[in-house]
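What TrEMBL records for 1-311 is domain 'Major facilitator superfamily (MFS) profile'. Feature annotation from TrEMBL assigns transmembrane segment to 33-54, 66-84, 96-119, 139-160, 166-189, 196-217, 223-244, 256-277, 289-307. According to TrEMBL, the feature compositional bias 'Low complexity' maps to 311-320. Residues or ranges marked as region 'Disordered' by TrEMBL: 311-337.
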Amino acid sequence: MRLPPRTALLVLLAVFLAGNVLAATATGYGVMLTARIVTGVASQAFFGVALSLCARLTRPEIRGRAVAVALNGLMLGTLLGLPLSTLIGERLGWRAAFWAVSVLALAAGAATAAGVPWLGPAPSGGLRAEAGVFARPRLWRAPATSTLVIGATFAAFSYFNPILTGLTGFPAATVPLLLIAYGAATAVVGRLADRYAVPVLAVGLLLNLLFLGGFAVLADAPVPAVVCLLGIGLVGVTMNPAMATRVQRAGNAGPLVNSVHTSFITLGVIVGSSLGAVALDARGLRAPLWLGAALAALGLLTVLPELRRTGGPARRGGTPVAHGAAAPEVRETVRRG
């Protein structure tokens, strides 16, 4: 059964809320594991539906900007949520962190009910038709690039605090300000992603490689270190819009493709931060930066074959496929529920 997008979003938020309440009241490992699986599946599916809805609500030429707004929530939630939940857990206990997320889920549900327009289920040939696009090798290469982009960034970002205090010499109190500055410029890249998704990824990965390597070499010099840190922020997670645009053009803008892509992005966070921890333990504070540079180099290799095949801007943009290509359909069917 296919649900209207707003209904699907509200159902998934309800499942996510239930999972967090279960985690907050968990009395054993098995219950906690179940709760985390429930919240993980619900959140990935939520972003898949949300990105598909962005595609339906916007014209093709501004789709990258719309996707940028949605993915900003995913990345900002990760970048801000991790330290905030840790702080809440340290001050009020780990259960309080889950209750705080539950309150935010309720707020998100209210905002969704009030602000998301009603649309019927997306026209589709069914699950088999949506899944059929995964037979295209190009579609798998696109989310693999996304994993490496996010992995490269989070391999370093996860350990900026000890790097900045232990190597660069910044007082601990100044680190949050530096991390806030780190998150700038996503809107600019979102505009470029509308027409130049593959070139944006290629240039962004090359710059990220240079900034990560430069940070590793110059981590003990405050001014160059901050310049490199801001550079990583400029070209790291800000490539999300280009990543999503590329995936939608390689496959379609349907919920299944977007859910799988969101899972690959989350995998990048997990792989990057986990391998960064291993590198730090084995080789010291500079190692996560070198690891990030290596992952960025691998990501660049996955983009170069496609970059060579692209011509002018029109060919770079490609033709949006399937779900959401038609904004006129939205104008005809949108009504408030």
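The backbone N, Cα and C atoms fix where each Cβ goes, and this holds for glycine too.
Just so you know, TrEMBL annotations never went through curation; they're auto-generated.
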Looking at 66-84, 96-119, 139-160, 256-277, 289-307, which one has the highest count of Cβ pairs under 8 angstroms to the transmembrane segment (223-244)?
139-160
How about the transmembrane segment (33-54) and the transmembrane segment (196-217): at least 3 CB pairs under 8 Å, pairs 6 or more apart in sequence, or not?
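Contact between the transmembrane segment (33-54) and the transmembrane segment (196-217): absent.
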Would the transmembrane segment (256-277) count as touching the transmembrane segment (289-307), if touching means at least three Cβ pairs under 8 Å and pairs must be 6 or more apart in sequence?
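Contact between the transmembrane segment (289-307) and the transmembrane segment (256-277): present, because at least 3 Cβ pairs are under 8 Å.
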Other than its close neighbours in sequence, what residues sit by the transmembrane segment (196-217), given a CB gap under 8 Å and a spacing of at least six beyond its ends?
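Hits for the transmembrane segment (196-217): 64, 145, 148-149, 152-153, 156, 163, 189, 224-225, 228-229, 231-232, 234-236, 238-239, 242-243, 245-246, 249, 286, 289-290, 292-293, 296-297, 299-300, 303-304, 306-307, 310, 313, 316-317.
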Residues of the same chain, at least six outside the transmembrane segment (139-160), with any C-beta under 8 angstroms of its C-beta?
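Distal contacts: 79, 133, 175, 178-179, 182, 201, 204-205, 208-209, 212, 215, 229, 232, 236-237, 239, 243, 246-247, 250-251, 257, 260-261, 264-265, 267-269, 271-273, 275-277, 279-280, 285, 288-289, 291-296, 298-299, 302-303, 306.
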Across the domain 'Major facilitator superfamily (MFS) profile' (1-311), what does the mean pLDDT come to, as a whole number?
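Summarising the domain 'Major facilitator superfamily (MFS) profile' (1-311) by its mean pLDDT gives 82.
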